[in-house]
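Undergrad: Supplied in structure tokens, the structure appears directly below.
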Amino acid sequence: MAPWAGAALWMLNPLRVVWLALAAAFLLTLLLQLVPPRWLPSCALFQDLIRYGKTKCGAPPRPAICRSFDVPKRYFSHFYVISVLWNGFLLWCLTQCLFLGAPFPDWLYTLLRILGAVQFRGGELALSAFLVLVFLWLHSLRRLFECLYVSVFSNAVIHIAQYCFGLVYYVLVGLTVLSQVPMDGRNVYVVGKNLLMQTRWFHILGVMMFIWSSVHQYKCHVILGNLRKNKAGVIIHCNHRIPFGDWFDYVSSPNYLAELMIYVSMAVTLGFHNITWWLVVTYVFFSQALAAFLSHKFYKSKFASYPKHRKAFLPFLF
């Protein structure tokens, strides 16, 4: 690889700046939560913005102005509706390009260039981005199914700022995947005679990791949902109970850990070396670690019998 090409791999573009800024913001927020409360002034608005659902119970008293911006947590399903539709559209556009030779629409190509997509870089495989976009769409479809038919939502809330961020997030993450497609003008650059000739060992590993992580996340959501149902599957309450089984034997929020592993599987599928996607993974790591830490504190404060060996997010570590 030419020296200039190696330098380009580390060059900042709008997408990388966004993901780097998000990762840094959530890292700082996590570090602030680890500091003893007496060392920092209390800020109800800040705590309200970083907590959602049950973890709002452990926050300082919420002013009335904060409660006026509440949105039901069950609106999480809206995130996945947007993702299924938007990322399904992006997947359809990419499929048209790969298998029918149709160019990207002008507006989409322009948007990708603004965000930082570049022309053919020599080392990227179109199959990698295609698989990751398929993963993202399937992941969103499964999460939508879980929100509608598996999870049991209480009257817990999220801040409207968190709701808006969630809507934008899945639009941005889909564009991030599509921007990693090697392009020749408005067309996708495909090495070899067909897409299957690009199959590499890391694609197979990435698929296996994605399935493994998705299965465990589904199991964890089923366990959480069943805590509020009887044996016949009928919802009987919306109280919080201590979950057991699967990865709950190791961490308080295995669904968040599985989310991280799903994004790592996408990084593997992209060939390990995609800097932009590793910034996405870094953001996911810190955001999920923050949510897991706050959830862990909630469980420990609510249940005196909570298993002491459980960690918040990473087995045996954190």
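Just so you know, glycine gets a Cβ as well, placed from its N, Cα and C.
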Undergrad: Suppose you had to name the range TrEMBL annotates as transmembrane segment; which of 3-20, 201-218, 255-272 would you pick?
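TA: Of 3-20, 201-218, 255-272, TrEMBL gives transmembrane segment for 201-218.
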Undergrad: Give the nonlocal contacts of the transmembrane segment (275-294) in its own chain as ranges (CB under 8 Å, at least six residues past its ends).
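TA: For the transmembrane segment (275-294), the nonlocal Cβ contacts are 9-10, 13, 15-16, 19-20, 22-23, 26-27, 29-30, 33-34, 50-52, 55, 58, 116, 132, 173, 176-177, 179-180, 251-253, 256-257, 259-260, 263-264, 266-267, 312-314, 318.
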Undergrad: Is the transmembrane segment (122-140) in contact with the transmembrane segment (201-218), using at least 3 Cβ pairs under 8 Å (sequence separation of 6 or more) as the test?
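TA: Touching, yes - the transmembrane segment (201-218) and the transmembrane segment (122-140) meet the threshold of 3 or more Cβ pairs under 8 Å.
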Undergrad: Along the domain '3-oxo-5-alpha-steroid 4-dehydrogenase C-terminal' (198-318), what average pLDDT does this model show?
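TA: The answer is 95, the mean pLDDT of the model over that range.
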